[in-house]
Amino acid sequence: MSPDLAMVIAAVALPFVVAALTPVVFRVLGEGTGFAGTVVALTSFGLLATQYGTNGTVGLEWVPSLDLALRFYVDGWALLFAMLACGIGALIFAYSPAYMHGESGLVRYYAALLAFMGSIVGVALAADLIAIFLFWELTSLASFVLIGYYTADDSSQYAARMAMLITVGGGLFLLVGLLLLSLVASDVLGPGAAFNLAAMLESPETMQSALRERGLFLPVLGLLAIGAGTKSAQVPLHFWLPNAMAAPTPVSAFLHSATMVKVGVYFIGRVRPMLVSTEWLFLFATLGLTTMTVCAILAVASTDIKELLAYSTASHLGLMVAGFGFTSVYGAETGVFHLLNHALFKAALFLVAGIIAHEAGTREIDELNGLRHDLPVTAVITTVVALSMAGIPPFNGFYSKELLFEAAVEASHHHDIGLLGWLYPAVAVFGSIFTVLYSLRFLSLFFGERPEALGHVHRPPVTMLVPPAVLALLAAVISVDPQLAVDAIVQSGLEATAVDPHEMHVGLPTSYSPALGMSAVTIGVGLVAYPSYGRLHDAIRSVPRAVPPIGANWWYDTAVDGLSDEGRAFAETVHDGTLRTYATWTLAATCTLALAGFVAAGAIAPTELGVEVSLAIALVLLVAVIGGVAVATAESHIAGVLTLSILGFMVAIFYILASAPDLALTQLVVETLVLVIFLLVIEEIPERYEVEIGTVARDAVLSVLVGATAFVTVLVTTGARPDGSSEIARAYAEQAIPRGGGANIVNVTLVDFRGFDTLGELAVIALAAISILTLIVMRDRDGDRTAIRDGDELTGDEPAVTPADGGDDE
Amino acid sequence: MTTVIMRTTARAIVPIILVVAISLFFDGHNLPGGGFIGGVLTTTAFAIVYMGFGLDFLERGILGRDVDPGKEPSRDRVVLAYRRLFAYGFALAVASGLAPLLFGKPFLTQTFEMLEGVPIYDHLEVASALAFDFGVYCVVVGGLLTILSVVGAE
């Protein structure tokens, strides 16, 4: 059954529409806007649910002349991700009003959340490379706005900028990868399929072999991996995610655990059938397992509950990436199933962290203990989801982790990877031990002695308790009967991401397997090591303090600070406040670029100068040259300006002799105007400068460079002119009277044939006027803000001037 | 530069320049000229007025308004009018480009009509491009005069 376009578009567009209407909704509902968001999320969820079981591409023409279309691809994998986003979104919106009570800027908050939800549904369903990229970057933008929600807080701004730099920077790598992909696709599958991801996925082998033939397989794989890796916080670009915890907790639960950071994982799963290979295994299994282990270790070193959860999220994202990296069917099962499981338990854990921070007033792990007395319901919820995160049977996290172990063991059966066949399972176990450790640590917040220092802890409002409870309940249901989730959606997600899908069966193991042994080791070592958690924690923390370069944050700060300083120093060199420096840099850069462009294009070739000029033209040009020399040797500015205009008028006469009266007129008029303007400003210029010899030399070199560039440009452009009049020139000449109704071909070309160019030039003139106004108004802006306000009011009540003034013009 | 010679000359040539500018603008479709040239020439006429009589002359002398001499030109009334002129001119150019869309033609399509038996002229050509060209004229005059008067006042 093929999907219904209207339903799909409605599901994507609805959040965006409501996001645009948020100011109005907020005026009516106030802080209850969150519940409106819940309704929107549930509506989108319902619309997507009607498409459950469908499979195929639907689309709208977008720019038909460029073969661009807004295509949506609906299958189990897309629906799983999109519905997950809407479902968790509904809970987050319900949780927000109580958590964000009394905050300002809620319109921005809800609008960004809604726009984010629309983008995430869009990225899940998009089947067009351009649309995928647009939605992808929209999620980064929404994340930027939401991380920087506390605009007065420096650390929150720092974190927002960092997330933006990393994810959008990665997005650019993705863009290049997508463009390479589209180049190959338009070659192999025809131009209609250039941006059509669905068409590419229909013939994955053709695409892969075509990519390999052109030597583009590794570049594309690498570029897509960088894009997905930055988005999904893979080592070494994982550090933005813990910093992103500066966002309000519902945002962390929604964007930075359940959905946005999974976009990278989702995309890896999406292109998996097309790119899966031995290289794929090496890249993603290694990347994923490294991230999983490093971030799990860092989670143990965390002191803040949100920081712990953030590192844990990165670690679990690594698990999913590693899952998809393993080429066997178990790999795909791991990725798909863990995406669902992780979203359920991690979003719930973040919401629990939000409850703790909100009610206990602190997020320091050391200050929190014995919370079960104050928060009994939350304690029950946490027990379910924390054990699920640890991968303790029979909780749902256990099943997907078992699948990872199986995939890791299987890897050496499918590929000849030598030592890595042992290393992968070993690293998976090693990383998982830390997962058990930090999960137990999080759970221990609720148990043990309640410290005296902890003040009164309030009971959370019911709207903050229901969302994590719903998630924990779902996790519990999957724990009891995992096959239910598999049949409902995971199986169809598997079919989209696996190369050789088969019936998937998940349940508690009944007989011994290597994976079961690995689970036993993980949990056993975890439990044994737990009593020395404090020592481990201190030991890990002491490492980056001793060797700062080991921390990824250090690299980021060094690079960004270094670039900022370099940029500032460069700006001071180039823009030092004197006009001559500006002119030097601009002219030198322009000439160098132009000449380098000619050289690179091989445009400079020795040409014969067939010079045939009449005596009149030669005389005129001679006078112009003399004028030019006179400018350079002029004693005063007035003399210089006047001799310069001799040059200009000679050029005008040259145009007349070359039978171009329109050009001549323009040249004359502009020359006159420029002369007048020069005379206006000349009094402001100091009569003589003290000029050093070095400056003179610089100016001389620059002048020669500019002259040479102009000369070469004229030669190259006239050299490239076709012999005789080209077809288009003849057409213009013939059509000017019948089609344009004018005998002046220049004017007809300007206003009729090439009207769009003229419109662009008008925009340039208008912009120039606006920029000069802005420059002059801005210059003394700080001094008199009131004057500007008066000026603005004047704008409002002065329409009477225009007719009088306009009358003058005409 | 506000000498007697300058003023006397300006009195004589400014009207001539303006008339030439307008004729260049209207003849542009068939003879050398057009909106751009006409616009620049008009601006030149204004520039000469500025040079001969000072920046405030337009308002004080011609429009008969009181002007605060120390006032900044960017907020001056005439400059506001110039700003509006190029904004409206740009709007006119865009609108004349959009108009053909109403008749199902592509953006910026132009047409013309020959009118026969018009008094004095006998036959007169009305080109839709004239509206676009007038937009060009307004942008050039408005934009250049804005720059000129703002920079000139410095």
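Cβ atoms are placed via backbone N, Cα and C, with glycine included.
Database features, via TrEMBL:
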- A:33-52: transmembrane segment (TRANSMEM)
- A:64-110: domain 'NADH-Ubiquinone oxidoreductase (complex I) chain 5 N-terminal' (DOMAIN)
- A:72-95: transmembrane segment (TRANSMEM)
- A:107-127: transmembrane segment (TRANSMEM)
- A:126-413: domain 'NADH:quinone oxidoreductase/Mrp antiporter transmembrane' (DOMAIN)
- A:245-268: transmembrane segment (TRANSMEM)
- A:280-301: transmembrane segment (TRANSMEM)
- A:308-330: transmembrane segment (TRANSMEM)
- A:336-357: transmembrane segment (TRANSMEM)
- A:461-480: transmembrane segment (TRANSMEM)
- A:582-605: transmembrane segment (TRANSMEM)
- A:611-631: transmembrane segment (TRANSMEM)
- A:623-686: domain 'MrpA C-terminal/MbhD' (DOMAIN)
- A:664-682: transmembrane segment (TRANSMEM)
- A:697-776: domain 'MrpA C-terminal/MbhE' (DOMAIN)
- A:702-720: transmembrane segment (TRANSMEM)
- A:787-810: region 'Disordered' (REGION)
Tally of residues which DSSP labels helix, strand or coil - the domain 'MrpA C-terminal/MbhD' (A:623-686): 56 helix, 0 strand, 8 coil
Per-state residue totals over the domain 'MrpA C-terminal/MbhE' (A:697-776) - DSSP helix, strand, coil: 68 helix, 0 strand, 12 coil
The domain 'NADH-Ubiquinone oxidoreductase (complex I) chain 5 N-terminal' (A:64-110): DSSP-derived helix, strand, coil residue counts: 32 helix, 7 strand, 8 coil
Beyond the flanks of the transmembrane segment (A:664-682) by at least 6 residues, Cβ under 8 Å: 637-638, 641-642, 644-645, 648-649, 651-653, 655-656
Mean predicted confidence [pLDDT] for the domain 'MrpA C-terminal/MbhD' (A:623-686): 85
